[in-house]
Every structure is written in structure tokens, then in C-alpha cells.
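Enquirer: Dropping a structure here in C-alpha cells format, bear with me for questions.
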Amino acid sequence: MLKIFEKVFGSKHDKDIKRIQPTIQRINEIQASFQSLSDEALREKGSLLRQQVRSRLLPLEQQKKELALKLENPDILPADADNINASLDALGEEYDKVTALALEESLPDVFALVKETCRRLKGHNYQVMGREMIWDMVPYDVQLIGGIVLHSGKITEMATGEGKTLVSTLPVFLNALTGRGVHVVTVNDYLAQRDKEWMNPVFAFHGLTVGVILNTMRPEERKRQYLCDVTYGTNNEFGFDYLRDNMAGTVEEMVQRDFYFAIVDEVDSVLIDEARTPLIISGPVPNADNSKFQEIKPWIEHLVRSQQQLVASCLVEAEKLLKTKPNDFQAGLALLRVKRGQPKNSRYIKMLSQQGIAKLVQSTENEYLKDNASQMHEVDDELYFAVDEKAGTIDLTDKGRAFLSKLSHQDTDLFLLPDVGTEIAAIEGSSSFSTAEKIKQKDAVYRLFADRSERLHNISQLLKAYSLFERDDEYVVQDGKVMIVDEFTGRILSGRRYSDGLHQAIEAKENVRIEGETQTMATITIQNFFRQYHKLAGMTGTAETEASEFYEIYKLDVVVIPTNKPVVRKDMDDLVYKTRREKYNAVVLKVEELQKKGQPVLVGTASVEVSETLSRMLRAKRIVHNVLNAKQNDREAEVVAEAGQRSAVTIATNMAGRGTDIKLGEGVRELGGLYILGSERHESRRIDRQLRGRAGRQGDPGESVFFVSLEDELMRLFGSERVISVMDKLGHEEGDVIEHSMITKSIERAQKKVEEQNFSIRKRLLEYDDVLNQQRDVIYTRRRNGLQKDRLRSDIFDLLEDYCDVVVKKYQKGADGMALEEQVLRELSVEFRPEKAEFNDDTVGGVADKLFNAAHDFYLRKEREVPEDIMRQIEKYAVLSVIDKKWRDHLREIDSLREGINLRAYGQKDPLLEYKQEAFRLFVELLREIELETLSLAFKLFPITPEEAHDIEVRQKKEALRTEKLVAQHEEAGSILSHESDVPSGTAAQQPIKADVKPGRNDLCPCGSGKKYKNCHGQQQP
């Protein structure tokens, strides 16, 4: 029905393109008029356009500076500050409107300017990544359309070879005229450096500065690169710099500017594939115990072996039953136990390809899944642990707990989580415990829960490592380290680690050194990082299938740009085989046939293991070929360049799909172009489309086909009953192949099912991170305020005013002046003891005022004694150090909360709602602690003597060594980056500061004289 409407009224994309056409015509007319200008006149035209945009923005920028200066006044009243902030917000909105209007009016001239510049650069020789290049690019009309779409903050889908990199220069140049900085985001450092050097001639012609952020750069160099008009870099580098800026000790250490406009290359890879895991900066946990996995590893290995033996007996039982009764329910139950016990068992996977077996397992499973899987325990109870391969979860059964208990000579209860709610209620309801004893008992319950939950978590992670993660598939082992392989690109993700102890579990399994445990110092999801940009756009060859997610999460529309020349590639239906062995044999035969013909072939694989299997089979046939996978990626550019030559055979994991064009060699067009042979379907349709897109660039011929077997991961986990039943009905023999559009569509439906599941995972992650994101905004805003303000005196006094009200109310009812005195002395080092009579209801405000005045006077005396620059350091240190420490502690608590929150579902509670409530409670507590400790430090910090400075310096050096070990990681996979010390650098060596609790008047003087403080150094205090 939708296709009929599109034929009559035109598709959304057709309408989008139609609206842009008049602007394209105008651009071409202006560009034609520019051809008569000299190079110098063309440069002057560019300068004039820049001045026109800047002249409209400068007055507003000046107003913003003047208002910001007023906020710096330490004596400003809160009401005046609120009014100025409101004016700044209104001015910001006006600034954005004026910017958008100025750029919209300049767009035709700027795009024409860039096009004419490209025309003049034709034939120009320059270096890109050490190789000689000749500029041969001038934007086509379809590329101008792509540029307009990007400028409007949308995603352009452009086919491979259509020149997306050149397209980006158009909106980048236009938006760079504002002087606010434009970020171009790529998927790796190589592409960031390459694209910067490749496109630089266009920008350099007009004096625009271009920078690039690379993994190895120091902060000073990064800052210079961010100050450029255009900055290239990876999503990880931009994200980690944002987190590090919010851990900086001084304004000078911060490297980034505001987030104005970003264009994300390969936007589906960055905003979707990478979005399932957050960016994390972590540091080592002091005194962490890394032996916990080694301790339980022998038990788990024994447990896994016992499960394998149990599964083998189930397979034998099933085979016996099936000989007499092909559809026997007990045989189906035995096979279902195999699926739940060892889903990757090769014998079981082979059995699934036999007629009727897959359907029998599916129907048996459906029977036990009825009524919310209430009967599934009957299947699992016979196993030691149950595996849900789709969900990636493992549950220890009662039988497994008893087995571990026997192995470890420990009580079975040690492998069970206590019912905290019931036990706490029992303690609360007991009359035999005093209040102090109840607190002690409850602490013991919480401790028991924490110990057992950590033990069970470690067991679960080791079981996952042995049951769900296979070497040379999900990861490889190189140089004694476990390295994750990106499922979408096939590349090794250097420096990335699986989260929640899973990586350590795999290290224990592989007998390599177990890396130290880490704790989160700062974190943000890819989604929430990119949602900070005022304007965001993206480009890719494959976005349409994910259009709904782009809009729902990022509010980004997708526009499909027509190709410059029609795509003539032939995309054939899938070829379906029963077993992997049959499929691999067919792949090798097809490759042999194509090589003899002289037609180049690219064989796409989904894992390192498959690429190596096919390579061995081709070597056995003496077929010369290249392999490109996570283990052999050092020749990537060279291998890709050769892949389109006559008779070339290239086996590649998904890594050959990004940022590379395969150009056809001489005589290859006549042979049919590049032949794409997919060895299996990926779980994402986008990855398959990327593989197909390697062929047929710029009107070149090409062919593509996928070879699929029923043993493939996708078919085994998500293949529909319809496909299975069709295969069974046809009853084809070994080696037979099925080719039908219905099968291809069924496979695509299975892929859609996986995509929807992955979308729900990403969306759920975002829902959880949105809670933390709001808290992060509050904390980072407070921290930046503390970092950027010269004086924080007024903020300290605001905190003091609130403190006085709260602390006086606390002791109002009991009129306990002594307790009030003790607390104020302990927290502020201020002596204050009101008379009992002053505590009546009418004078509570008066007591608070008197306390404020006493503390205020103390602070003023301190200001007179301490040099002003040191006082500023004290205030800044008090604010920043407390925020940093408390925020780290808060993140650790949030991590713990997040790990256990899903257990609330067993109590018929919504985990997300529970998480929001608990996280809010923790955040309120965090703010209260930050305010109190900041105030306390500001009052109690005093300069120290030179003798004491030495000890402080030693401690700071130790701290600096610790912070050097901070790791920036894209969780479950981002690169290890060294980090500058986040110890505040404002403490000069000759006069550092420390937290120093002022002695009481009757305490012994700390100088060691033996006299009371009031009779010794206390006499010198005002």
C-alpha cells in the first residue's frame, strides 16, 4: 500500500530533494560568475562572506561578555544574578536565531565559493598520509544537495563512492564562518588524519585553520587543535576530552570550546553501533583483590565439564528416541535441555540441520514458554546452569549450587542471595533488639548481601566467559592480552575492556595476566554526549533502515540522496544450505570459478575464525588470496587497493567496509566488476548493505550474493519457523541449495527482529543514563562555575546562610546549645554557644543570624591573615576537591545500584522507576554532603609552614602517579589514554594548603610546648 502511495504522490525523499533543487540552480549560477575572478579576488570574496557573518554576531557576543563580567562581581545580589542569567539565556536564543539566518542567507554564495575553489584546485599535487595525491574533485549537484541537507542538521544517506568526504566540506566551510568551531567526527584516528589532510587544500585556500585530535596528543596540543576553525577527530577522543575537561584542576587545563556543530561520518556506526556502551574514564581501585576469579575458576571449570557431559547424555537420549519416533516430545525436551545447557555445542548445531529437528525444538520450547515461562524450570532443573543465548544471561540452578557447595566444601546458602526485605522487616519488628543492636543486625544483612552478590556475579561472569564467549570470534589473545574484536568492523578494539568483571573472567579463562580492577571517575553515553551539540548532522551509506531510531533518540531526519550515476550492481537472492560445511565448500567452488574467469571477488565474513577457515580451504586448493581481519590488519590500505584488480581474491571481516573505496582494475568492468560474496548474514541489515556497497560505485558494474546455512548464528537464534518448515518440506539432500526471494525476505525479517532487540537495549541504556545525565549537568555546571570564577566568596557565604538555618533548626526543639556549639566547632572551627533562653520559637531566626555573624567575622579575620591569592586558591580547592571526591563516590554507588536494580522486577516493581527514585535520593544526599564539606573545608583550610610542605609534596607526587593510571575506555570496548593529574595545580610549591582542624581553646597546643592552646599560639589568633 505504501509503495502505491509513493508512486502516485512521490516518496518523502523525492519531496526533500525537490525542495532543494532551486537552491542548487542558484549555487551553480553564482559559481559560474566566480569563474572570471582571479584567485586573489576569490579569496577576498571568502573574507567578505566571513566578515558579513561575524559582523552580525559580534554585537551580541559583546553584550554576552558584558553581562558575564557583571556576574563576576563578588558583591552581586542573588536577585540581580538571577536577572542577568535570564538575560544571558534570552541573548543566547537571539544569538542562535541570528546565526541561523546569517548562514542561510550566505549558503548559496559559500557553496558556490567552495565549488569554484575545488575547480581551481584540479590537478594540484599535495601529500596525504605520506602519499602523493592529485586533486580531481569538483562537487556534483547531488553532492551540493547532500551539503545542504547536512547544514540543516539532518543525516544524508549517500551510496559508497559518492564522495561523502568532499560533501562535508560545504557545510563545514559555511558553519566555520561563525568562528565557533566545527567538529568532523570519524570512526578512527587514521580516517581523521587522512580526511583532514585530504580536504585541507579547500580550507587553506581561504585561510581557514584545520586541526585534528589524535590519540597520542598532549593536552596543550589538543587545545591548539580545538581552537582551529575546523577540527577532525574520533567520537571517543571528543567524548573523553569532554570528560577530562570536567576533571580539570584549572581553566588552563581545559581544551574544548562549546559544542556548536558536528558532522558525524559513518553516523550509523558512531550513533548506533557504538551507542550500546558508555564512555568511561576509570582509575585503579586501591587494594583491589584480583585473585577472586582464580579462586573460583577450578570450581567453574569442573562445573562446565559436568554440564558438557550432561548435555552429551541428553544428545544420546534424543538420538535414540528420534530413531523410533521422529516427533517425540521427550526427544524435543532432551534437545531443549541441550539448547539451554550448551547452545554452541557443535553436535547439536549439526542436528538442527536435519529434517524436522529445528521445528521440534522450537515447538517444545514454545510449550514451556507459555504463561510467562512458568514451566521452564522443569527444563532447567536437570541442568547445572541455564543459558539464554539471545539475552546473553546465565542462571545457576539449585543443582549447580549444590554442586559448587560440594566442590568448595561450603554451605549451599553461600550461593544464594538473602531476602533483604524480609530479614530487615524481621529485625525492625523484633522487640528483643535495642536500637543500636538493630542497626548492627541490619548492617550485617547488607554486608552478607553484598558479599554473596559479588560472589554470584563473579560465578556468572566466569560461566559467560566459558559458555558465550569464544576465542577468535568475540575476542583474540595477542601478546598475552585479551583483545576485543568489534562485531561490526572486525577490527581489534585496542585498549577496550568488557565491563562488570567480564574481561577479567575471560583473562582468567585464557590463563593470561588479570588486569587490575578499576572504578569509574567520569562517564557519559555516546547519545548524551552528542545531544550536547547545538546542531548535529551525519552521513553514511546506510541510514534508512535505522531512520526511526535516529529520529527518536537524536531528532535527526534521514534524507536519501540520489546517486550521481545509476547503480547497476546485481543483488541476487540468498543461497541457503543446510550445514556450514556445505556452505563453505560452495563458497570455495564459487571463488575458484571467479578467479579462473578473472573477476575479482571480495569474500565477507563475520568473524576472524570464519575468515581463517575459508583461508585454509583456499590454500588447500592453491588459490592465491589476501586475508584482512583483526589479526592481520597492518596491510589494510594495500589489500583494499588490490581488491579490485583482475583475479584478486580478498577475504575480509567487516573491517573493509568503512572509509575505503575499491577501484576496479583494467579490464575488470568487462568481466562484470567486483563480485561480493557474503559468507553469512550479519545480525544487522546495515552491515550487509555496507558489504554489498563495496561494489557498484559511481555506475561501475558489480554483483553481490550471500551464502547462508541453517547453522549460522542468525538462523539458529532468530530464523523463523517458516524458513525451517519450508526447508523441511523441500527435503533437499546434502549439498543442495535453495534460492528463493521468500527465504531472503524471511532472513531480513529475522535481522529486523535482532535490530529491534538491539534498539530496545540502546533505548533502555539511554533511559537509565538520562537520570545520571541530569545529575551530571548539575554537578559539571557547579564545577565549571567553581573553576571559572575568580572569587567564590559570595558562594561560600550563600552556603553559610543555608547551613546556619539548618543547624539551628536541628537543635531548636531541645534548646541544646552545647550540641550546637560542638557541631559548629567541629565543622567550621568557629566558636559559638547561644544561651538556652535564645532558643524560644520567636528567636530561632535571631540565633541563626548570630551564628552567621560569628562565622562571617571568623572568615573576615581569616581573609585579613591570609594573602588574597592564597585565599582564592583555598576557596577553589574547597569547591573542586569536594565535588570531585563526592562525584566519584556517587558514581560508584550508582554503579552498584544499577547492577542490582533488575532484581526488583522479581518483586513486581519497575526497575527503571525504582532506579529513578533511588538515584534521586542518592543525589539529594550528594548535594547536601558537597555543600557541607565545601563550607567546612573553606573555613578550615589554612596555609602551612615550609616544613609541613615537604610531606604534602611527597603525597602529591604519589597522587600524580595514581592519576597517570587513569584509563579512558569506551566500556565493553575506547582507547587507553594517559591523563594529566587532576590534583588542583593552584597550590604553589612554596605555600601549599591542607585541611587543618583548629584546636579547641583548652586543647594542648600542637606546637609541642605542653601549654594549652589559649595560653600559647592561641593568643596570636584574633
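Backbone N, Cα and C define each Cβ position, glycine as well.
These numbers come from a predicted model, not from an experiment.
Residues or ranges marked as ATP binding site in Swiss-Prot (evidence: sequence analysis): Q143, G161, E162, G163, K164, T165, D661. Per Swiss-Prot, region 'Disordered' is recorded for 973-1001. If you look up Swiss-Prot, you'll see C1005, C1007, C1016, H1017 marked as Zn(2+) binding site, on the strength of sequence analysis.
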Enquirer: At a 10 A cut-off on CB-CB distances, which of the binding-site residues Q143, G163, T165 has the highest count?
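Expert: That would be Q143, with the highest Cβ count within 10 Å.
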Enquirer: Can you name the residues of this chain that are 6 or more positions from G161 (ATP binding site) yet have a C-beta less than 8 Å from its C-beta?
Expert: D661, R697, Q698, D700
Enquirer: Taking the Cβ of E162 (ATP binding site) as reference, which residues of that chain separated by at least 6 in sequence fall under 8 Å from it?
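Expert: Result: V142, Q143, G146, I561, T563, N564, R697, Q698.
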Enquirer: Find, for the listed binding-site residues K164, D661, the residue with the lowest Cβ contact count at a 10 Å cut-off, counting only other Cβ atoms.
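Expert: Result for the binding-site residues K164, D661: minimum number of other Cβ atoms within 10 Å at D661.
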Enquirer: Secondary structure at E162 (ATP binding site) (DSSP, helix/strand/coil)?
Expert: coil
Enquirer: Inside 8 A of the center formed by the CB atoms of Q143, G161, E162, G163, K164, T165, D661, which other residues of the chain have their CB, for the recorded ATP site?
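Expert: Here the nearby residues are M158, T160, L166, V167.
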Enquirer: Which state, by DSSP, holds D661 (ATP binding site): helix, strand or coil?
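Expert: The residue in question, D661 (ATP binding site), is coil (DSSP, three-state).
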Enquirer: Assuming the binding residues for ATP are exactly those in the record, Q143, G161, E162, G163, K164, T165, D661, what is the maximum CA-CA distance in angstrom, rounded?
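Expert: With Q143, G161, E162, G163, K164, T165, D661 as the binding residues for ATP, the largest Cα distance is 17 Å.
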